[in-house]
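What Swiss-Prot says about this protein:
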type	residues	note
DNA_BIND	53-128	DNA-binding region
BINDING	CYS56, CYS59, CYS73, CYS76	Zn(2+) 1 binding site
BINDING	CYS92, CYS98, CYS108, CYS111	Zn(2+) 2 binding site
BINDING	TYR175, SER265, ARG302, SER306, HIS333, HIS423	calcitriol binding site
DOMAIN	159-449	domain 'NR LBD'
REGION	129-158	region 'Hinge'
REGION	274-292	region 'Interaction with coactivator LXXLL motif'
MOTIF	442-450	motif '9aaTAD'
Amino acid sequence: MLTENSAVNSGGKSKCEAGACESRVNGDATSVMDLMAVSTSATGQDEFDRNAPRICGVCGDKATGFHFNAMTCEGCKGFFRRSMKRKASFTCPFNGNCTITKDNRRHCQACRLKRCIDIGMMKEFILTDEEVQRKKDLIMKRKEEEAAREARKPRLSDEQMQIINSLVEAHHKTYDDSYSDFVRFRPPVREGPVTRSASRAASLHSLSDASSDSFNHSPESVDTKLNFSNLLMMYQDSGSPDSSEEDQQSRLSMLPHLADLVSYSIQKVIGFAKMIPGFRDLTAEDQIALLKSSAIEIIMLRSNQSFSLEDMSWSCGGPDFKYCINDVTKAGHTLELLEPLVKFQVGLKKLKLHEEEHVLLMAICLLSPDRPGVQDHVRIEALQDRLCDVLQAYIRIQHPGGRLLYAKMIQKLADLRSLNEEHSKQYRSLSFQPEHSMQLTPLVLEVFGSEVS
């Protein structure tokens, strides 16, 4: 049996005894175990308060966790393990009741070991050398398996990453989410005489709000909650002969502002397109054909960034630039466009696309080889296929369980085609009316006012 005694100084007293060997100060019990009990009492007997300071039950030093069935520091953990493995026997030269602290814990090993046992440390929890080695081998095996799984995960190639980074950068450079340029447009005009058309438009917005509330409480069915059939009935007599010119002017009071907004957005879409990898390699004729045919679809995709499910509106900065359905009706648009537009925005918002997915979808939308007026179908299709491959690879990595996400995104492109057709038809109708076409910008008239030849 190994015996290790504490050193005694020339005065006959150990450093431990000369130090703070008393366990009570001024008659108050302040042991480490008392402090631990106080720190854990708020969370119950079986739950340790993670926010409370962890204190070693042996010496009061900062604890690193439970070791051998007790909360201890690394030093006392090692001391207990060594003592048990060596089957050491220590003798206290004093009364066997030394107070163990961080500073004097090396001075009386007997009382330190006794304290370890008193707080519940058990030698049965100590692993043998063979068990330690098996544990190390198991940890190493798990690390190797994790590394192998990581190596098997699908990864984007450098080229695919470069494409995504280019598109994200292009979007950031051509989409100002502060909407600071909106103050340069002709100002929005929402007020005017309360005519039948304005009243119907207000009802449209009111019912949209009701639909929004229903959607928030029951998001499982967009089609049933966003019921526009009642709204359509309100507009049955919108073109009746007794509609006055004043009524018509009030109904289109937002046309100048929204025409400027769309014209501005078209310019930004052009800037975005020029930064899509491969777009500038196309002929000028194909670039123009693609832009004229897809511009409004890209604008609708981008506008989803400002669309709110709470009130079915587009918030573009201050209150003057918060657009509701009522505002869109005052630019000459009807329910044939607004109903599918709002449903599209809601559905797209619910997909919760990453920014990378959003910009890829815009680029795929723009590079559609079946657009009217396109000449080099093969080349454009190759560019689009490459982007589709990147999108699918990204989805596989970021959404391992989202097998249907890609299909849902492609379906949104089909929805955009229908919206595009109706939007162009309504804008062409406006362009044929001199009193309204004069409010449109030349760029808007060029893109929406005539068919692509």
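Including glycine, each Cβ sits where the backbone N, Cα and C put it.
Source: prediction; values computed, not measured.
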Residues that sit under 8 angstroms from HIS423 (calcitriol binding site) by C-beta distance, when 6+ apart in the chain: ILE296, HIS333, LEU337, PHE448
Chain residues in Cβ proximity to the region 'Hinge' (129-158) (below 8 Å; excluding those fewer than six residues from its ends, i.e. six or more beyond): 164, 390, 393-394, 396-397
Pairwise Cα distance for ARG302 (calcitriol binding site)/CYS56 (Zn(2+) 1 binding site) [Å, integer]: 58
Binding-site residues: ARG302, HIS333 - member with fewest neighbouring CB atoms within 10 Å: ARG302
Distal contacts, the region 'Interaction with coactivator LXXLL motif' (274-292) - CB-CB under 8 A, six or more residues away: 162-163, 166-167, 169-170, 173-174, 363, 366-368, 371-376, 379-380, 383, 386, 446-447, 452
Those residues of the chain, 6+ apart, with a Cβ under 8 Å from that of SER265 (calcitriol binding site): ALA295, ILE299, ARG302
Spatial neighbour of CYS76 (Zn(2+) 1 binding site) that is closest, considering only the binding-site residues CYS92, CYS98, CYS111, TYR175, SER306 and their CA atoms: CYS111
Recorded calcitriol binding residues, TYR175, SER265, ARG302, SER306, HIS333, HIS423 - maximal Cα separation rounded to whole Å: 25
Listed binding-site residues (CYS56, CYS73, CYS108), ranked by Cβ neighbours within 10 Å, top entry: CYS108
Residue among binding-site residues CYS59, CYS76, CYS92 with least C-beta crowding, 10 angstrom cut-off: CYS92
Those binding-site residues, out of CYS56, CYS59, CYS73, TYR175, SER306, that come within 10 angstroms of CYS111 (Zn(2+) 2 binding site) at the Cα: none
